Amino acid sequence: MRSHTGLRALVAPGCSLLLLYLLAATRPDRAVGDPADSAFTSLPVREEMMAKYANLSLETYNISLTEQTRVSEQNITLERPSHLELECTFTATEDVMSMNVTWKKDDALLETTDGFNTTKMGDTLYSQYRFTVFNSKQMGKYSCFLGEELRGTFNIRVPKVHGKNKPLITYVGDSTVLKCECQNCLPLNWTWYMSNGTAQVPIDVHVNDKFDINGSYANETKLKVKHLLEEDGGSYWCRAAFPLGESEEHIKLVVLSFMVPLKPFLAIIAEVILLVAIILLCEVYTQKKKNDPDDGKEFEQIEQLKSDDSNGIENNVPRYRKTDSGDQ
């Protein structure tokens, strides 16, 4: 009540109607949208983009070409939106004033805009291309062509994810941990995938308690696979998401059964048994060969005795002298 009384005291009776008109004119109509009102409450798209990318850092990269080095490449890693300035420099003994300069993104020719700047000073040519990388569409391969034989290429990509290069070998019933990391970078998030034979399937730890996903630091991720079965072996992928794109790494998991580690021992046992059998056969053959000469000697002795006996009988038979037929 006191507040209304005070208001009436401040407003003169003759000004009451004027005040009501002013209030009605300045009151926003919520039923009907006012374009001017929306323009007042939100920035235009261009101003919003300018404000969003005003604080981006400028990164400069240079490739130097010579008559000896006519083709050169450079890899650029970008984690977040940035302003880029790519520069190709060519120094030659010949005149470079008549040399034509073009830029391409992948295989598409880039149109000449304010971002291009080519300067020729004596025997040196400088060509710059400045632009803003704010999404994955600006990533790729940028090349400067100086004439027909000189080329400098900038490969712009997101940070690379590193995992285990060799297959990870484990056994049925065990648990294992697959790890991926990104050096000197901070991904927005990590996602794990496994192969179902034909495609990559996201791993959801909330649905399948066989998996656990964690990491001690933001630039790494770990996938724990529990109670391994042979069918759990196969291909796994870790994927890191960045503001400018994604990067993934492939990890091979091999799950062996209990018989697999026993196979080498069984093979050794089989080899030992075979070796022992060969040794025994050799011993039997050698022993038999030793016995065979004795039997031969006995046979020879018997034959010799028979021969001697026959000779003795022949010697005991009386011999008769032959006489001439005339004497008879």
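Positions of Cβ are set from backbone N, Cα and C atoms, glycine also.
Now, the feature entries from Swiss-Prot:
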type: DOMAIN; residues: 67-160; note: domain 'Ig-like 1'
type: CARBOHYD; residues: ASN55; note: N-linked glycosylation site
type: CARBOHYD; residues: ASN62; note: N-linked glycosylation site
type: CARBOHYD; residues: ASN75; note: N-linked glycosylation site
type: CARBOHYD; residues: ASN100; note: N-linked glycosylation site
type: CARBOHYD; residues: ASN117; note: N-linked glycosylation site
type: CARBOHYD; residues: ASN189; note: N-linked glycosylation site
type: CARBOHYD; residues: ASN196; note: N-linked glycosylation site
type: CARBOHYD; residues: ASN214; note: N-linked glycosylation site
type: CARBOHYD; residues: ASN219; note: N-linked glycosylation site
type: MOD_RES; residues: SER310; note: phosphoserine
type: TOPO_DOM; residues: 286-328; note: topological domain 'Cytoplasmic'
type: TRANSMEM; residues: 265-285; note: transmembrane segment
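Structural mapping of features recorded in Swiss-Prot.
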| residue | record | DSSP class |
| --- | --- | --- |
| ASN55 | N-linked glycosylation site | coil |
| ASN62 | N-linked glycosylation site | strand |
| ASN75 | N-linked glycosylation site | strand |
| ASN100 | N-linked glycosylation site | coil |
| ASN117 | N-linked glycosylation site | strand |
| ASN189 | N-linked glycosylation site | strand |
| ASN196 | N-linked glycosylation site | coil |
| ASN214 | N-linked glycosylation site | strand |
| ASN219 | N-linked glycosylation site | coil |
Write out the long-range same-chain contacts of ASN189 (N-linked glycosylation site), meaning residues 6 or more apart in sequence whose Cβ is under 8 Å from its Cβ.
ALA240, ALA241
Return the average pLDDT for the domain 'Ig-like 1' (67-160) as a whole number.
90
Nearest of the glycosylation sites (ASN55, ASN75, ASN100, ASN117, ASN196) to ASN219 (N-linked glycosylation site), judged by Cα-Cα distance:
ASN75
Among ASN55, ASN117, ASN214, ASN219 [glycosylation sites], residue with fewest other Cβ within 10 Å:
ASN55
Taking Cα atoms as reference points, which of the glycosylation sites ASN55, ASN62, ASN75, ASN214 is nearest to ASN100 (N-linked glycosylation site)?
ASN62
Would you kindly give the Cα-Cα distance separating ASN75 (N-linked glycosylation site) and ASN117 (N-linked glycosylation site), rounded to the nearest Å?
22
If you count other Cβ atoms within 10 Å of each one's Cβ, which of the glycosylation sites ASN62, ASN75, ASN100, ASN196 has the most?
ASN62
What is the separation, in Å, between the Cα atoms of ASN62 (N-linked glycosylation site) and ASN55 (N-linked glycosylation site)?
23
